[in-house]
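Down below is the structure, laid out as structure tokens.
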């Protein structure tokens, strides 16, 4: 086996982009920081293009099989890079001209690199590298852009991340001891013969780390606090991009260990149920839109875990997971970008009359919220449909029932937000900033993401064909 | 683009244009809406003229384009004798609403866009030949109607809209659950309706078949609505604007019963037969409960809303009876199904007209309370006349479409299941309640809001009037309609009997 570093071109591009932005940013005057932003965008576009081109080829592996470039990695890379690009759009309104602007971009790019590594790793040690690279910049981003509440959110995120990181490494240690290696192919061969309790402890440890990254129950506590406390840029990023890498990694891990033992699929199904139910129930009475979205993302992780429960049992499992990830990323970014456009409106009631004052923004929010509910023909609907079908096909019919009931639960709190948006303005109606100004970029981002989530839903078949490509397991 | 796609997407396109261009003035928006609706009606007319029966499990004007090949779902549309009449009824009802709204001043551009959107998705439901496509349109109709009630309703519109959304959305998810079940059960997996009909998955698996049918039935029963899933309907109707109620009762409720004949019965014949008696019972209860509760209402619009529960109950009853296999009863079951489809069309026309007429009360006096009117025939003779015609049509007087429908429903149902004759009581109660309403509101001395009540305006007359005229036309000349429906219901009955 050779190194073949060229297979990691997208990661390398984003990483180099981060270095350029970090170094170049310190030489740029504050009002010229947009150059750093442009450089970051260029790096991300380059990475997405390189990753998309790589998807056309056969599945390959680099660094002696520890990193795999297949359809799952390719899709995760493209989604992560393009989503971060959209996050830059949100940032253009919020942190343009702020003292730490280029530093934030550098951290975003570094975290994106980590997310990509996480998605492609087929070796537990590489998984650790990906986890750390995706986590540590995140602590910085949460703290940098959040002000006083951000410090608290950063602390909570850091503590949760440190704890789950330790569990992850402990789990890797146990599995290494049992299998005599950390390669997934080796694990698949050796683990069925190993003591079940020890395997269980090891896998649960690794899952703990990944669930923290994904923001799934029971390692979700930091998500609503961070979504509420930190800046819009950081909130958009951390509720969207890390999930892409983490869930693909969860899928690979569960597919690996469930080769001999189907009970891990049940564990995935139970984790999915817990995330869906808890996230939805907790979102019910939130009045801060960002906090509500924070809990909604916890619930969405539950939906995203549904196809994991069918790993290896249904042909639909992996394509539906990847499709849902793309759909979710677009929709969630659209919703957060709307909140970034109205940074002063921190109560659901403040949105009263938005549809009349800013029809475009109201429509983008409508598309985002209906999208998160799973209304056709928006992209998340196709994701929900195919993931639920995969779960039933994989033998978990009851999980589909949970998905449907959770969707009904979720409808209620999304309605609590969009009912005031379309209500007649009254004397309590806060004013809305006009078009243009600093909020122009997030507004455009919201529109682009909303339209894209609709287009993705209508043209689902086109993307689906790309997601059914070769996969290494 | 084929004919059916044009029919579905023309209103959607017009809606998008109206929504996106704020420069369009109120009058232009109103007339654009009317023009598009007229064109739609003409297109459906052309379709009807060129229609030839496609045979069992066949579709005319078929069109299929891959959509999500990964899960065997495609943009597949087509019409047969079960859907063509509903398509025509939908076009007529929406045109009537467009005419009715001509003089409304409340945000005309957005309203026109919303109703054209609803028209497109409603037509989409009736031409869909793929479960996912059906679901897409089905769900979008809920979203559209939510905004109609919340944005143009009165009273506690926001609450009623929320209740409507939550209830019907829950129903639609149950439906989706059932659809996924059908997909997983079919080999090879598919969402295509004709393929599923041909394959009849879950035959020989009564447990799963029953559960999947239950999910689909619950989903459709909420939308229909039948007892006990009807509780969203009265508040939604009471607080919706007149044209919203007309579309909701006239068109959207039919999506539920249409789902029975398009999806549940032909794809799950074995389960349908096994549960036929339950469905018959639900139908009978809906008929009687709807009639008696309507009798107790003092609010005219609520009363009409409850008669919808009653009228939709006849349809459920007939379709249930079609699943009861009796000796040599294929002919009778076919008659029952034909009656059910005629009832879908007839109820759409008559109830839409009644709700439009009820809206006149809201417009003039802001009240539907029957007690606060009296002797309305004196100041508003045209209104009284038209309402009387609507009431008689609704109670199933011979000469109107409702009679044709109910006669066939009972002729077919009683032949296979004599016990269904108890539902005849529903017709009697409906007759009583309509006559009593006519008496209270239109006869006697002038009282309450009556003095100064303005008679029907042109746009009100020319919206409700043609709907009732069509009901009369069908009642007098039913052949044109029956010739389209009968082959399709015979084919459906033989599919259910497999």
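Glycine residues also receive a Cβ, built from the backbone N, Cα and C atoms like all the rest.
The annotation domain 'NADH:quinone oxidoreductase/Mrp antiporter transmembrane' is assigned in TrEMBL to A:121-410.
The transmembrane segment annotation in TrEMBL covers A:35-54 (among others). Residues 7, 9-11, 13-14, 16-18, 20-21, 24-25, 28, 69, 74, 77-78, 81-82, 84-85, 88, 91-92, 96, 101-102, 105-106, 108-109, 112, 116 of the same chain lie 6+ residues outside the transmembrane segment (A:35-54) yet bring a C-beta within less than 8 angstroms of a C-beta in it.
Marked as transmembrane segment by TrEMBL: A:74-92 (among others). Long-range Cβ contacts of the transmembrane segment (A:74-92) within its own chain (Cβ-Cβ under 8 Å, at least 6 residues beyond either end) map to 10-11, 14, 34, 37, 40-41, 44-45, 47-48, 51-52, 54-55, 101, 104-105, 108-109, 112, 115-116, 119-120, 232-233, 236-237, 240-241, 244-245, 248, 322, 325-326, 329-330, 333, 336-337, 340, 441-442, 444-445, 448-449, 466-467, 469.
According to TrEMBL, the transmembrane segment annotation covers A:104-120 (among others).
Taken from TrEMBL, the feature transmembrane segment applies to A:126-146 (among others).
Taken from TrEMBL, the feature transmembrane segment applies to A:158-179 (among others). Taking Cβ pairs closer than 8 Å, the transmembrane segment (A:158-179) reaches residues 124-125, 127-128, 131-132, 135, 138-139, 186-187, 189-191, 194-195, 198-199, 201-213, 219, 221-222 in its own chain, all 6 or more past its ends.
Taken from TrEMBL, the feature transmembrane segment applies to A:232-251 (among others). Here the transmembrane segment (A:232-251) has Cβ contacts under 8 Å with residues 72-73, 75-76, 79-80, 83-84, 86-87, 90-91, 94-95, 104, 108, 111-112, 114-119, 121, 127, 130, 134, 138, 141-142, 144-146, 150, 157, 207, 210-211, 213-215, 223, 226, 268, 290, 293-294, 297, 301, 304-305, 307-308, 311, 317-318, 321-322, 325, 328-329, 332-333, 336-337, 339-340, 343, 442 of the same chain, all six or more residues outside its ends.
Positions annotated as transmembrane segment by TrEMBL: A:263-285 (among others). Long-range neighbours of the transmembrane segment (A:263-285) within the same chain, counting only residues 6 or more positions beyond its ends whose Cβ lies under 8 Å from a Cβ of the stretch, are 203, 207, 211, 216-218, 220, 224, 250, 254, 257, 292, 295-306, 308-313, 391, 394-396, 399, 402-403, 406, 409-410, 412-413.
TrEMBL lists A:292-310 (among others) with the feature transmembrane segment.
What TrEMBL records for A:322-342 (among others) is transmembrane segment.
Under 8 Å from some Cβ of the transmembrane segment (A:363-383) lie the Cβ atoms of residues 296, 300, 303, 320, 323-328, 330-332, 334-335, 337-338, 351, 354-355, 407, 410-411, 414, 417-418, 421-422, 443, 446-447, 449-451, 453-454, 456-458, 460, all in the same chain and six or more residues away from its ends. Residues annotated as transmembrane segment in TrEMBL: A:363-383 (among others).
According to TrEMBL, the transmembrane segment annotation covers A:395-418 (among others).
According to TrEMBL, the feature transmembrane segment maps to A:439-467 (among others). If you look at the transmembrane segment (A:439-467), the same-chain residues 6 or more away from its ends with a CB under 8 A from one of its CBs are 55, 71, 75, 86, 89-90, 92-94, 96, 232, 318-319, 322-323, 326-327, 330-331, 333-335, 337-338, 340-343, 358, 360-361, 363-365, 367-368, 371, 376-382, 433.
Sequence-distant residue pairs (6 or more apart) of the transmembrane segment (A:292-310) and the transmembrane segment (A:104-120) include fewer than 3 whose Cβ atoms are under 8 Å, leaving the two stretches without contact.
If one looks beyond the transmembrane segment (A:395-418) by at least 6 residues along the same chain, the residues whose Cβ comes under 8 Å of a Cβ in the stretch are 265-266, 269, 272-273, 276-277, 280-281, 283-284, 286, 289, 292, 296, 299, 302-303, 306, 309-310, 313, 348, 351, 365-366, 369-370, 372-374, 384, 387-389.
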